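Engineer: Below is a structure I'd like to ask you about.
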Amino acid sequence: MQKRALTINSRGLNGELAVPGDKSISHRALMIGALSEGTTVIDHFLVGEDCLSTLRALQDLGVEIERKGEHVEVIGRGIAGLVEPAAPLQMNNSGTSTRLLMGILAGQSFTSQLVGDASLSRRPMKRVQGPLARLGAQIGLSEAGTLPATVVGHPLQGARVKLEVASAQIKSAVILAALQAQGSTTVSEPLPTRDHTERLLKAFGANLTVDRAANSITVTPGARLVGQEVLVPGDPSSAAFFLVAGAVIANSHLTVKDVCLNPTRTGLIRVLKKMGARLSIKETASGGEPLGDVTIQTSQLRAVTVTAKDVPDLIDELPLVALLAACADGVSEISGAGELRVKETDRIQTVAELFLQLGVDVEERPDGWRIVGRPNWQVQKPNLNSHGDHRLGMLAAVAALRSTTPLFLIDPDAVAVSYPSFFADLAKLGGA
């Protein structure tokens, strides 16, 4: 397996960059464009492996899609216009593709099957199957409740669906299924999650009512979706690696431009401010999705406590919060993050293992970590492993910048899932 030497940096990270398009929005723009009438034009599309899995699956479902770099044109087939695929739909490693497509396919007029790679095939899918069944969806899973999934498309009925897990993927699957149902559907969640699906559907013409006080969305089917132009903002989950690096690497001062500032995605920024980071934001646009430039510089950080109520807005960034804690003054505790155990890897375990290799004082807990911050670490093992997890690989690369010991990353290509140009962009700022 490939191994990459990681950079040790004492000069600091300086300059500015724009990160790739947001992964969540790229997925959803493709899918909603496919269900619309007319042409949807997507710019700054994320050309990562997960989003390409969605693109290829939609093509297999009869959708005409043309991509030139980050520019994508989708010729919609309407809400009921998808066609039966000739073979199982390959999801590769993409949980978002899988769960959202389960919702879309549940109301179509044919049977389809979703399959994935070894990692995705271990991830739980009953959590989607159950809520969709409330609308009458017929979805078969393995005995373990995992892929392959067989979706028997047929007419759906509106329902009231109360989600037990705060998950934007599950919520979105129900909303996309509800577009095809007879009668309205109301889906409620225990805590607010990212709302890109709702924002995009409203822009395309769907009839959605959002009740923020009740954390619920009501979908009234029958509205005609019409193709739109979508400019995908920079992915805050990708920007997060540079914001954290800028805070913890000495002599750093950097700006990440045109980042999505959707309030459901700015949890890391709030944590950085709470920890005392020297950070500023210049909002540059506001419309379907607010965006702006975020500037950060080397900061003296204090310990932080993160609990379950904080988790939905920074679920993908929690490993980076753990890294901030490892560099801060004092003892930090992160809890309520059990959802990390069913990501591409068990991220609670793999982050703890990575930190122990680096010499970080970390205690793994069932739903998070207890971390004692230290100014310097004593590396125990130099070979760090991404375990095929894109976010773990990038976390290791950022952590390595603080090391005085040469470090190596096993399976660095995993970062291509969400950020193919990560190492090149790190080099632009001096991290090479």
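Glycine residues also receive a Cβ, built from the backbone N, Cα and C atoms like all the rest.
Feature table excerpt (Swiss-Prot):
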- Lys23, Ser24, Arg28, Ser167, Gln169, Asp316, Lys343: 3-phosphoshikimate binding site (BINDING)
- Lys23, Gly95, Arg123, Gln169, Arg347, Arg391: phosphoenolpyruvate binding site (BINDING)
- Asp316: active site, proton acceptor (ACT_SITE)
Engineer: Can you tell which of Arg28, Arg391 has the least company, meaning the fewest other C-beta atoms within 10 angstroms of its C-beta, among these binding-site residues?
Structural biologist: Arg28
Engineer: Within a 10 Å radius of its Cβ, which of these binding-site residues (Arg123, Arg347) has the fewest neighbouring Cβ atoms?
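Structural biologist: Least crowded of the binding-site residues Arg123, Arg347, by Cβ count within 10 Å, is Arg123.
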Engineer: Find the one among the binding-site residues Arg28, Gln169, Asp316, Lys343 whose C-alpha lies closest to that of Arg123 (phosphoenolpyruvate binding site).
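Structural biologist: Nearest listed residue in space: Lys343.
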Engineer: By the DSSP assignment reduced to helix, strand and coil, which category contains Arg391 (phosphoenolpyruvate binding site)?
Structural biologist: helix
Engineer: Restricting to the record's 3-phosphoshikimate-binding residues (Lys23, Ser24, Arg28, Ser167, Gln169, Asp316, Lys343), give me the longest CA-CA distance in Å as a whole number.
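Structural biologist: Roughly 19 Å, rounded to the nearest whole number.
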Engineer: Measuring Cα to Cα, tell me the gap between Arg347 (phosphoenolpyruvate binding site) and Arg28 (3-phosphoshikimate binding site) in whole angstrom.
Structural biologist: 25
Engineer: Taking the Cβ of Gln169 (3-phosphoshikimate binding site) as centre, how many other Cβ atoms lie within 10 Å?
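Structural biologist: Result for Gln169 (3-phosphoshikimate binding site): 22 neighbouring Cβ atoms inside 10 Å.
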